[in-house]
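Here is what TrEMBL says about this protein:
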TRANSMEM  B:12-31  transmembrane segment
TRANSMEM  B:38-57  transmembrane segment
TRANSMEM  B:63-85  transmembrane segment
TRANSMEM  B:97-121  transmembrane segment
TRANSMEM  B:141-165  transmembrane segment
TRANSMEM  B:194-217  transmembrane segment
TRANSMEM  B:229-254  transmembrane segment
TRANSMEM  B:261-284  transmembrane segment
Amino acid sequence: MEKLQRFGYPVFFAVMAVLPHLLNPRWQAVAITFLIFAVVALSQDIVLGKCGMFNMGQALFFGLGAYATAILNSKFGWPMLATIPVAILVPALFGILLAGPIVHLRGDYLLVTTIGFNIVFVQVLQNDLGGLTGGPNGIFGLDAMNLFGLRLASQVSVYYFAFAVLLFTLWLMHNLETSKAGRALHYLREDQLAAESIGINARVYKIFAFGLSAGIAGLAGTVYATQYSAVSPEAFDFIQSVLFFSIVIVGGSSVPGVLLGVFVMFVLPEIFREFATWRFFIFGFAMILAMILRPRGIWPAKFGRIPAYLVKESKHGA
Amino acid sequence: MDIFLQQLANGLTIGSMFALVALGYTMVYGVMRLINFAHGDLVAASAFVGLTIYTQVMGQATSLAAVIAIFLLTAGVMACVGVLLERLAYRPLRTAPRLSAVVSALGASLVIQNGVMLIWGPQMRIFPELVPQVYYTFGGVVISLMQVIILVLSLVLMIALYLFVEKTRMGAAIRAASIDQDAARLMGINVNQIIVLIFVIGSSLGAVGGLFIGLYYRGITFNMGWQYGLYAFIAAIIGGIGNIPGAMLGGMLLGLFNAFIAGYVSSTWADAFTFILLIVILIVRPTGILGERVAEKV
């Protein structure tokens with residue numbers, strides 16, 4: 001698989017670079033969605049896959065970013081470009097604040113708590129707290145992104161913006177994997193007790209993972225707001241979080257796995273749109289089957305640069 | 001004061017439904033350490049199965065015997081579905097990483113939910129009126145016969161389950177398997193049988209809960225499972241998951257909390273307050289109210 005990966009990446013990037021010119025507008029929109037969801041799923045992978053924390057509330061941070069952009073643009077007249085730092089920082093800050101009191105929770109309790117955060121978030125949006133979120137209809141009519149005089153009004157230009165964000169995210173993920181922080185997260189996931197005993201501060205690194213992951217998801221939120229020039233609560237429902245969660249696990253929490261996962265979970269259903277009513281029925285079976293046939297995911301993650309003597313066969317899994 | 005007593009009665013009714021469904025979650029979690037995300041959809045499905053049994057098998061009869069038959073048949077059908085679910089979606093993954101089983105459960109939830117939609121259609125169906133509309137008034141508080149039946153029957157079922165688990169040999173085997181499956185196996189307990197048994201019990205109780213939901217709220221939709229399922233799961237967690245009296249207590253507390261929020265604050269914020277309660281409880285007591293402290297296995 002490593003050889004496949006070496007050839008795979010350049011081919012993947014090359015195809016993605018020319019893709020929008022080969023597609024009709026409907027499939028261009030699907031391709032943009034693929035890019036956005038890939039970024040969110042990769043950010044989810046930092047907490048869930050790299051660190052092994054059961055987070056099922058990623059749509060919350062995705063939504064925070066999208067809403068930060070939408071509110072600043074529509075209510076305060078900020079240019080779209082200027083909202084990007086806020087759309088990264090606000091979710092990152094929320095990620096840190098929310099993670100603080102809960103990172104010590106055992107796996108499944110953490111999972112339910114993060115679902116809870118997501119549901120509270122959607123209710124806040126729907127009830128139009130502070131008159132900012134636009135209630136159940138959301139906010140629409142956002143400006144186009146203006147990149148130093150270049151207006152991202154056409155679908156193709158939004159595509160390249162989304163592609164750039166994906167490349168940035170992949171670069172971040174690559175750096176994370178080879179960095180000290182990335183190794184610390186690996187150790188924590190494999191064996192928290194051992195990791196703490198060699199001096200890794202579990203709490204700090206876990207909160208860091210949440211903050212980083214939330215920031216990236218927030219950036220994806222900005223791209224989402226740009227694509228639709230609108231945001232609404234149901235796009236950030238916890239069912240979306242459940243899907244992102246499933247993508248990472250079905251994919252196997254490696255970068256190619258997550259990309260494959262997004263393709264399987266978001267693009268394939270688009271192809272089968274004509275079988276609309278049967279779609280999710282078959283989809284559910286496919287999820288069960290995928291897990292039975294490949295319990296560690298379609299493309300399981302390999303351990304990066306962890307010394308071999310520290311990697312032991314994990315008995316209770318992820 | 002009247003509102004208080006009225007919401008107390010409503011809260012206990014909703015709470016006992018939550019508790020019945022929560023028992024299914026807590027028993028499966030106790031033995032398999034798996035959140036059975038499909039349980040909520042089983043509960044939703046049982047309302048539809050009950051509806052079909054009422055129209056197709058019972059010929060729309062509402063005599064006491066017919067109603068009892070509807071309950072028993074639905075529970076039987078759902079028990080079979082529960083066992084099938086375990087065999088197809090969970091048993092192959094027993095030695096796999098835990099998250100794989102979680103995703104399998106999510107897949108199973110999609111299958112059941114959309115299966116219900118394919119069979120009964122996406123529109124809301126009206127559940128039949130199996131219990132006559134009789135109301136009792138106690139000093140300004142109106143309680144329907146339905147509420148009395150729901151409360152009493154739930155309590156009877158819960159006490160029966162508690163006695164079964166605490167006093168019988170089978171119950172002892174369930175408790176043993178939930179403490180340590182391997183040790184239980186060494187003691188000659190057939191753990192596979194125990195897991196099938198908890199799916200039978202959990203699904204039947206869930207079926208009764210689903211019929212109650214249909215009887216109480218009347219309108220049933222194919223996708224209502226996630227909402228009730230999540231509430232029941234929260235009830236199980238609040239009580240301390242894996243703990244049977246905990247699920248009952250958690251269900252009642254959650255029902256009361258929900259009714260009082262809806263009565264005194266606002267029903268549009270009810271979900272948010274429920275989850276804030278959950279988060280606060282977990283921060284203060286990370287394993288629920290009646291949960292024991294579990295040492296992390298290394």
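Cβ coordinates come from backbone N, Cα and C, glycine included.
TrEMBL: automatically predicted annotations, no manual curation.
Here the transmembrane segment (B:194-217) sits apart from the transmembrane segment (B:261-284); fewer than 3 CB pairs are under 8 Å, leaving out pairs fewer than 6 apart in sequence. With pairs at least 6 apart in sequence, the transmembrane segment (B:38-57) and the transmembrane segment (B:229-254) have 3 or more Cβ pairs within the 8 Å limit; the two touch. The largest share of C-beta pairs under 8 angstroms with the transmembrane segment (B:97-121) comes from B:38-57, of the ranges B:38-57, B:63-85, B:141-165.
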